[in-house]
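Below is one structure; the comments refer to it alone.
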Amino acid sequence: MIEQQAGSRIRVEALAIDGQEHAAQWAQRLGLPLHDADADFALQLTDDGLQLQQLGDDVPGAVRVDFVEGAVAHRRLFGGGTGQMIAKAVGIQPGIRPSVLDATAGLGKDAFVLASLGCEMSLIERQPIIAALLEDGLARGRGDRDIGPIIARMRLLTGNSIEIIRSWVEEPPQVIYLDPMFPHREKTALVKKEMRLFRPLVGDDMDAPALLAAALALATHRVVVKRPRKAPCIDGPKPGYALDGKSSRYDIYPRKALKPKAVEPAPDL
């Protein structure tokens, strides 16, 4: 059940004609009401999928996860491929596609980029509403002919990233990618819409140092932390180096070099 806090009360509602049953299922699963006249947000079932809408005057538009169309699809087609800074940050090179754990998945945009470039992705999202949006977007994407194979390389885990990482029992990821929530001051449209919408729900990631420490203990090859370009490093060990972009940078904490996988010889016939 989601703990309803002041300024972040949420109700579930169906906007699609036949969505009432589905809305009731989400409400039960998340422990949210279907009716709350004083709600600050509405998790809405629409014909185009699940979306989150802030209620009231002068609020940003609804946010949903869509890997098939829109900005994410455009980035997949025209974003620069392996030349993108995020690809360089996680260590993508010819013959190298590391396994990556995105421990701050959010809406899954960065994870989708890496999956589209061939990385096997695990995603962790701890905020249940954001995780629901992401789960819905992944489910819709699986049925698309073009991006279905990409979505197949993405699996979603819901819960506290630090706890999940500390109790990890599977083969460790080669790379752990972190993009902690940071107090943004930019006035871009993206910040106004998504950051304005999510900040009352998630706040800032005050446990980022503990998350970094857990990531460094699990990742076999490197940890990558995305930060606003002028933001300080996360408290803790200093990164080995950084890749700087126009508005953001990637702090790299290398452990050992990534190498191409050896190709096993074909069996004799």
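Placed from the backbone N, Cα and C atoms, the Cβ positions cover glycine too.
Positions annotated as S-adenosyl-L-methionine binding site by Swiss-Prot: GLU125, ARG126, ASP179.
Annotated features taken from Swiss-Prot, shown on the structure.
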{"residue": "GLU125", "record": "S-adenosyl-L-methionine binding site", "Cβ contacts under 8 Å, 6 or more apart": "THR104, ALA105, GLY106, ALA131, LEU134, LEU156, LEU157, THR158"}
{"residue": "ARG126", "record": "S-adenosyl-L-methionine binding site", "Cβ contacts under 8 Å, 6 or more apart": "THR158, GLY159, ASN160, SER161"}
{"residue": "ASP179", "record": "S-adenosyl-L-methionine binding site", "Cβ contacts under 8 Å, 6 or more apart": "ASP102, THR104, GLY106, ASP110, VAL225, LYS226"}
Given the S-adenosyl-L-methionine site GLU125, ARG126, ASP179, its other Cβ neighbours within 8 Å of the Cβ centroid, in chain order, are ASP102, ALA103, THR104, ALA105, GLY106, LEU123, ILE124, GLN127, ILE130, SER161
